[in-house]
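Enquirer: Take this structure first; my questions come after.
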Amino acid sequence: MLLPSFPVTGVATALLLRNAVHASQPGSSVQKARAYDRFSSRPTRDHAPRVQSSNTSTYRFWNDKTKPHLVESLPDVHFDLGEMYSGSINITSHRNESRSLFYIFQPKIGEPSDDLTIYLNGGPGCSSEQAFFQENGRFTWQPGTYAPVINQYSWVNLTNMLWVDQPVGTGYSVGTPTATNEAEVAADFLEFFSKFQDLYGIKNFRIFVSGESYAGRYVPYISSAMLDKNDTTHFNLSGKPAHPLHHLAPTNAVCTGALLYDACIGQWDWVQAELPAYPFVQQHASLFNFNETFMTSLATTYEECGYQAYFDEYFTFPASGIQPPKYMNYSECDIYNAIYNEAFSPNPCFNPYRVIDECPLLWDVLGFPTDLAYEPAPTTYFNRADVKRALHAPQNIEWELCSTDPVLVGGDGVSGPEQVGDDSPNPTEGSLPRVIEATNRVLIANGDWDYLIITNGTLLAIQNMTWHGQLGFAAAPATPIDIRMPDLQWAGVFDAQEGYGDLDGPQGVMGVQHYERGLMWAETFQAGHKQAQDQGRVSYRHLQWLLGEVDSL
């Protein structure tokens, strides 16, 4: 997540918003068996690296055209990658300058699938290699760990996966940024996606669009542009609801849809950050550990600047009415940045993406795991020449996790609702309702440890959105998300320690869900800005719902 619109002070805060977005005996064999029975599609549990055949004759998408894109191995990844492709695809040039978007494509493991799930990171300008390498790809290399390992909760266990560096100016993409709005971003993406499908011979697939953080703007606009094409051969996002409008309910029919994590969907700086900031600190008081004097000043600011009254009036179920527009207040009422700056006093390693974190900063192969860069450090993984060669990436690109230059250039990169050069209206004002109404299968989820995009702020944005003729949710979310899948990622660690072998059981209640009129809401416990990284089992369930494999979370 990037969104560098807040004025902040000091070296540490200069990087603000850079990367951007129970059973009674859970270890018993009976409980494990029951949990396994609940999942018809689940990761395969093994403790040694899984190895797929390197014989390309078994690869579904390998042909003479895709052969140059095949990834045979990656540095420091000491197991067979299976079928995997990456590279650049050209899009329309601008002023005689070539432009291209970079992608990584991992086909589904096991039984073939005609589902294709796109995943986009946010920023604007943050590379989707982040999600590929640390969130939902086939393997993962987490901060502070020695080497990459198989990701037991990888989304490639369920669907073909496509990660894309976009818009132009992001990651390994090539060209000078020209987009001033989401329509232009979507046009470039659809051109890329059409060429990608032609390259791999993909037709008549169900398409799912997902992403996190600022991709809360990308995903609805790209999805809406796909719907505009009215072309189910290449852009089958609309699906066919199995129920009449007045009986809408989740269904495993042919519906497709979209998934948004910790997403910028409303007026982010005010509704999803500034307004809910103080209640967030109250909820997590022991983590922030502010002194009594500072907490008293926050309470005074929250009331005197009108935040309390606004929140009380509009954070209601059902919605009390259309919320009047508000914008970031940089005066003495700037409560969000006051909290952000003060947080570094009790916790010098404060991480707004995951407020549970403390010092030391863990070395991250992607460069920095928080707002603070880790220095000195080795070359970032995706900036290594050998990694670029393996991925068929441009050698002359200086890869950055999040671009330091604008990738959206409206008003010289500072116009639009979020002041980042994106002139399009907020998704809640049109594109997001349109996708919900067309698919009846959209999931919006927020992690409870995320200070960048706060859970109740996202809910407040939903309460200001009209879809299927009604404003917001009629009832407050209250249904628990009970994860019965046993632990798969760390089971080997438990099993290797005497006396710990039965502790890798189901998680139990890991969040709250609510479904109305085609929209599923999920609050995820013990997760920050990157839910798939923090809570792989919960994220896996989210994807199962999106694909229609389960009716609830």
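Backbone N, Cα and C define each Cβ position, glycine as well.
The signal peptide annotation in Swiss-Prot covers 1-23 and is backed by sequence analysis. Here Swiss-Prot flags 27-55, 412-432 as region 'Disordered'. Per Swiss-Prot, the feature compositional bias 'Basic and acidic residues' maps to 34-49. Feature annotation from Swiss-Prot assigns N-linked glycosylation site to N55, N90, N96, N157, N230, N236, N291, N329, N456, N464; the stated evidence is sequence analysis.
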Enquirer: Who are the chain neighbours of the region 'Disordered' (412-432) in space, where the CB to CB distance is under 8 Å and they lie at least 6 residues beyond its ends?
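Expert: Same-chain contacts beyond the flanks: 2-5, 124, 180-183, 214, 216-217, 220-221, 223-224, 264-269, 406, 442, 461-462, 464-465, 467.
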Enquirer: Three states by DSSP: which one describes N90 (N-linked glycosylation site)?
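Expert: The residue in question, N90 (N-linked glycosylation site), is strand (DSSP, three-state).
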Enquirer: Taking the Cβ of N236 (N-linked glycosylation site) as the centre, how many other Cβ atoms fall within a 10 Å radius?
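Expert: Here the count is 22.
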Enquirer: Please tell me which one of the glycosylation sites listed here (N230, N236, N329, N456, N464) sits closest to N157 (N-linked glycosylation site), measuring Cα to Cα?
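Expert: Smallest Cα separation from N157 (N-linked glycosylation site) among N230, N236, N329, N456, N464: N236.
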Enquirer: What whole-number Å value do you get for the CA-CA distance of N55 (N-linked glycosylation site) and N236 (N-linked glycosylation site)?
Expert: 32
Enquirer: Out of N55, N96, N230, N464, give me whichever of these glycosylation sites has the highest number of other Cβ atoms within 10 Å.
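Expert: Ranked by Cβ atoms within 10 Å, first place goes to N464.
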Enquirer: Using C-alpha atoms, which one of the glycosylation sites N90, N96, N291 comes nearest to N329 (N-linked glycosylation site)?
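Expert: Sorting the glycosylation sites by distance from N329 (N-linked glycosylation site), the top entry is N291.
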Enquirer: In the three-state scheme derived from DSSP, which category covers N230 (N-linked glycosylation site)?
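Expert: SS state of N230 (N-linked glycosylation site) = coil.
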Enquirer: Where the distance is taken from Cα to Cα, which of the glycosylation sites N230, N291, N456, N464 turns out closest to N90 (N-linked glycosylation site)?
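Expert: Looking at Cα distances from N90 (N-linked glycosylation site), the smallest one goes to N230.
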Enquirer: Check the Cα-Cα distances from N236 (N-linked glycosylation site) to the glycosylation sites N96, N230, N291, N456, N464 and tell me which is shortest.
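Expert: In terms of Cα distance, N236 (N-linked glycosylation site) lies closest to N230.
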Enquirer: Could you check which of the glycosylation sites (N96, N230, N291, N464) sits closest to N456 (N-linked glycosylation site), going Cα to Cα?
Expert: N464
